[in-house]
């Protein structure tokens, strides 16, 4: 069941908190909250095996142009590690917070240079209020605008980019890898940051080891190309995985009153596909189920989808899913539409 993305959700406003409670009870009775230790053991071993193999290839090849291929491979592996960090942050892997946080910092800060504490803070706020113009940091008017009101209020660089932001979306993703690193570093000075010293030590250890390895093995020109390709493709991968979930779906404002179930479902899109999409997106193709039950493991999301879809159908609640390419077309169409006030102004 689908509906027009971008449609106003006002017709669904009403306090139906019990609707989610009934769904959650059904999901729990079906056993979908159980841990999947074998799955995560295999996944962690496979991804970190590729991580080690990638860096081993880097040192074996030496100052070779083949390193540009290694850079592309490392971008994919870094993104897969980031997806594991995402699962750790949601307590999908371990039930204990301290184990999840400890391994999350090793996986995020040390292995790929992505600040775990920063990500946790930002992502928790996103889950609490997805696509809310005032409360979701993922749709804050940073370099892109996500609503007509944001476009009308835009100034400077945001206004310049917003004019043609649909065309600039993928080129801008080439900078997203660097942006993720910078976000983690900037957050170290925030008062809410926990384990600030550990976060900083692991982050800067990653940056120091990464830059030292690249400078030691490669000539300056190849080193710069390696970093550009690696970080650029890492950013593109991350953007292409996370954008389909919400971009182009309805945005909420302070005046919108929705219960938890409707707030999550109406603002979220699923991506259809088989096992390859499941692996590539780390389970985030089941974004609706993930937002309703963020602690359910990646394989559990596929299992719970029929139950969630059927329940939404029974309530007359739109359940939007589409293909991977179509999800990006919808997102780009939305970016183009909301940029209209800038182009017409």
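Using the three backbone atoms N, Cα and C, a Cβ is placed for every residue, glycine included.
Copied over from TrEMBL, here are the features:
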| type | residues | note |
| --- | --- | --- |
| DOMAIN | 65-322 | domain 'Fatty acid desaturase' |
| TRANSMEM | 38-59 | transmembrane segment |
| TRANSMEM | 65-86 | transmembrane segment |
| TRANSMEM | 98-119 | transmembrane segment |
| TRANSMEM | 167-188 | transmembrane segment |
| TRANSMEM | 200-218 | transmembrane segment |
| TRANSMEM | 224-243 | transmembrane segment |
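Taking every listed stretch (38-59, 98-119, 167-188, 224-243) in turn, the largest tally of C-beta pairs under 8 A with the transmembrane segment (65-86) is reached by 224-243. Taking the domain 'Fatty acid desaturase' (65-322) as a whole, pLDDT averages 96 in the prediction.
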